[in-house]
Amino acid sequence: MRRIHVMAAVIRDAERRILIAKRPDDAHQGGLWEFPGGKLEPGESRLEALQRELHEELGITVQQARPLIDLQHNYPDKHIRLDVWEVSEFTGTAHGAEGQPVRWVTEHQLPSYAFPAANQPIVAAARLPQRYLITPDCAATEVLQGIEHAIDAGISLIQLRQTQLDIQDYEALCEQVLQRYGARATFMLKGDQPPADRRAGWHLTSRQLRAMCEQPPPTRPLPAERWLSASCHDAEELQMAERLGVDFAVLSPLLPTASHPEASPLGWEQAHAMLNNCRLPVYLLGGLTGDDLAAAHNAGAQGIAAIRGLWNQP
Ligand SMILES: Nc1nc2c([nH]c(=O)n2[C@H]2C[C@H](O)[C@@H](COP(=O)(O)OP(=O)(O)OP(=O)(O)O)O2)c(=O)[nH]1
Ligand SMILES: [Mg+2]
């Protein structure tokens, strides 16, 4: 089968809107919306190809870009590597230089556009932030204060962990958090059932993930409009997460941590190899801080997840 390496871009404007373009009706995957880009040519670097394609298709010059998600997809007629970068700075006015319709859309509007089958994880990656805060075990007042501080510092995805609380107290805290902060951040909650509050997403432990994948075919336990994520520790669990249809995964432990001294860390190289074979946005967890974001992106991750590394940061 034909194998092609495609560079594509999630381009953002100052209001964080994303540029999408419509593929010509007679092209492969024609009539569907896409993230602008095209094939890597022999001798080009990935960034050079991205710059050339965006200049040809949109008339813009890329100033700043970084890897967002890199995945492979088999269409019936070709095998594609979609190497998607986030473009945060460019010069020029983006327009359909090849006559194609283009549109700036909000993250919220993105899922309502029809994209090729390969794009589902890209749409998730474009909507998700690069930092994922997991709350530490501490008193409820401290949790609330810490969340407020984190949101003010730009964190928009938070898992309420609180292993110290029993179910009733956990649910009461979740309710309070959603009431106060539900409009300002996305909250991922834990538990045996999907969270009752439909604003919240559901984060599965690796044990839950394995149990849900035991009886084939695995069926996604939450409607598409709510976030579903899972904790993974190896390549097999990442594959299960893909098959279950989760929106994103957390892969751990990357580095040694004080909270899990017994676990053997994956290290950057092994994590990178696992992410090469994965079709999900993945946060790396374990001993990381905001300073590790560039390394995480270069390893093919969506970003970092952290408890201490993102809690009470200046
Ligand atoms: N650019 C882009 N291509 C995508 C996306 N999703 C997806 O499945 N594809 C597929 C469709 C095509 O088979 C391939 C991209 O090829 P292309 O037609 O854009 O390549 P190109 O710009 O170099 O065009 P051409 O000169 O070969 O006509 O990747 C996407 O979001 N953006
Ligand atoms: Mg193209």
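Glycine is no exception: its Cβ is also placed from the backbone N, Cα and C atoms.
On a predicted model such as this, the values are computed, not experimentally measured, just so you know.
Under the heading domain 'Nudix hydrolase', TrEMBL lists 1-130.
Cβ neighbours of Glu34 (8-oxo-dGTP binding site) (same chain, under 8 Å, six or more residues apart in sequence): Ala8, Ile20, Ala21, Lys22, Arg23, Phe115, Pro116, Asn119. Among the features that TrEMBL reports, 8-oxo-dGTP binding site is placed at Arg23, His28, Glu34, Phe35, Pro36, Gly37, Asn119.
Look at TrEMBL and you will find Gly37, Glu57 tagged as Mg(2+) binding site. Counting every protein chain shown, 24 other Cβ atoms lie within 10 Å of the Cβ of Gly37 (8-oxo-dGTP binding site).
Summed and averaged per residue, pLDDT over the domain 'Nudix hydrolase' (1-130) gives 96. The separation of Glu57 (Mg(2+) binding site) from Pro36 (8-oxo-dGTP binding site), Cα to Cα, is 7 Å.
The record assigns Arg23, His28, Glu34, Phe35, Pro36, Gly37, Asn119 to the 8-oxo-dGTP binding site, and the maximum Cα to Cα distance across that set is 14 Å. Counted within 10 Å of its Cβ, the other Cβ atoms near Pro36 (8-oxo-dGTP binding site) come to 27, all protein chains included.
In sequence order, Ala21, Pro36, Gly37, Gly38, Gly96, Ala97, Glu98, Gln100 are the residues near Glu57 (Mg(2+) binding site), counting only same-chain partners six or more apart with C-beta under 8 A. Residues in the domain 'Nudix hydrolase' (1-130) partition by DSSP class (helix H, G, I; strand E, B; coil) as 27 helix, 53 strand, 50 coil. Listed in chain order, the residues near the 8-oxo-dGTP site other than Arg23, His28, Glu34, Phe35, Pro36, Gly37, Asn119 are Val6, Ala8, Ala21, Gln29, Leu32, Trp33, Phe115, Pro116, each with its Cβ within 8 Å of the site Cβ centroid.
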